[in-house]
Amino acid sequence: MKSLKGSRTEKNILTAFAGESQARNRYNYFGGQAKKDGFVQISDIFAETADQEREHAKRLFKFLEGGDLEIVAAFPAGIIADTHANLIASAAGEHHEYTEMYPSFARIAREEGYEEIARVFASIAVAEEFHEKRFLDFARNIKEGRVFLREQATKWRCRNCGYVHEGTGAPELCPACAHPKAHFELLGINW
């Protein structure tokens with residue numbers, strides 16, 4: 001691959017790296033808040049997403065060739081709010097990344113002859129779209145009071161011990177390990 005030095009793509013990589021790195025930290029902070037708010041599954045989703053953002057940043061960082069590079073970029077300077085607000089803010093950031101930032105960065109990389117980097121930008125955008133959907137789905141569940149309650153009987157799994165409960169809602173305490181309702185999630189069987 002030809003050198004990135006002085007290209008717009010080099011600046012875009014560093015901008016995306018900085019954004020992914022900051023998102024990782026925000027998601028770790030938001031995960032802590034979710035746990036405080038009684039949403040262990042959402043806390044774990046924030047942690048998982050933070051790890052995925054770290055991997056995006058690492059992939060991008062490996063393209064850089066060293067030295068100092070000045071970029072001008074705006075990043076969210078928000079606060080740690082309640083879990084619902086944190087999910088909405090996170091979804092907005094992911095939306096920007098997959099609808100505007102990464103498609104633009106991929107186009108510029110192609111124009112400058114960096115096809116591999118363009119593919120990476122486009123691939124990261126796919127992950128960001130999934131992140132947005134998941135954040136919005138959890139936000140909707142909080143707003144509608146559906147995190148631990150459903151109209152139809154379903155199966156709920158304790159994330160701490162694996163106990164499975166069937167009913168319209170998660171139990172207040174797990175009968176197997178005595179952990180609170182915060183540790184339950186809908187049982188998802190994807191194998």
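Including glycine, each Cβ sits where the backbone N, Cα and C put it.
Among the candidates Glu94, Glu100, Glu151, the residue that Swiss-Prot annotates alongside Glu53, Glu128, His131 as binding Fe(3+) 2 is Glu94. Binding of Fe(3+) 1 is attributed by Swiss-Prot to Glu20, Glu53, Glu128, and the same site annotation extends, among Glu70, Glu97, Glu166, to Glu97. Classification of Cys158 (Fe(3+) 3 binding site) by DSSP places it within a strand. Surrounding the centroid of the Cβ atoms of Glu20, Glu53, Glu97, Glu128, where the record places Fe(3+) 1, the chain contributes additional residues within 8 Å, namely Ala16, Gly19, Ala23, Gln52, His56, Gly93, Glu94, Ile124, Ala127, His131. A count of other CB atoms within 10 A of each Cβ picks out Cys158 as the most crowded of the binding-site residues Cys158, Cys161, Cys174, Cys177. Taken residue by residue with DSSP, Cys174 (Fe(3+) 3 binding site) is part of neither helix nor strand, so it is coil.
Long-range Cβ proximity for Glu53 (Fe(3+) 1 binding site), meaning a same-chain Cβ under 8 A and a gap of 6 or more residues, is found for Glu20, Ser21, Ala23, Arg24, Tyr27. Other residues of the chain with a Cβ within 8 Å of the Cβ centroid of Glu53, Glu94, Glu128, His131, the Fe(3+) 2 site, are Ala23, Thr49, Gln52, His56, Ser90, Gly93, Glu97, Tyr98, Ala127, Glu129, Phe130, Glu132.
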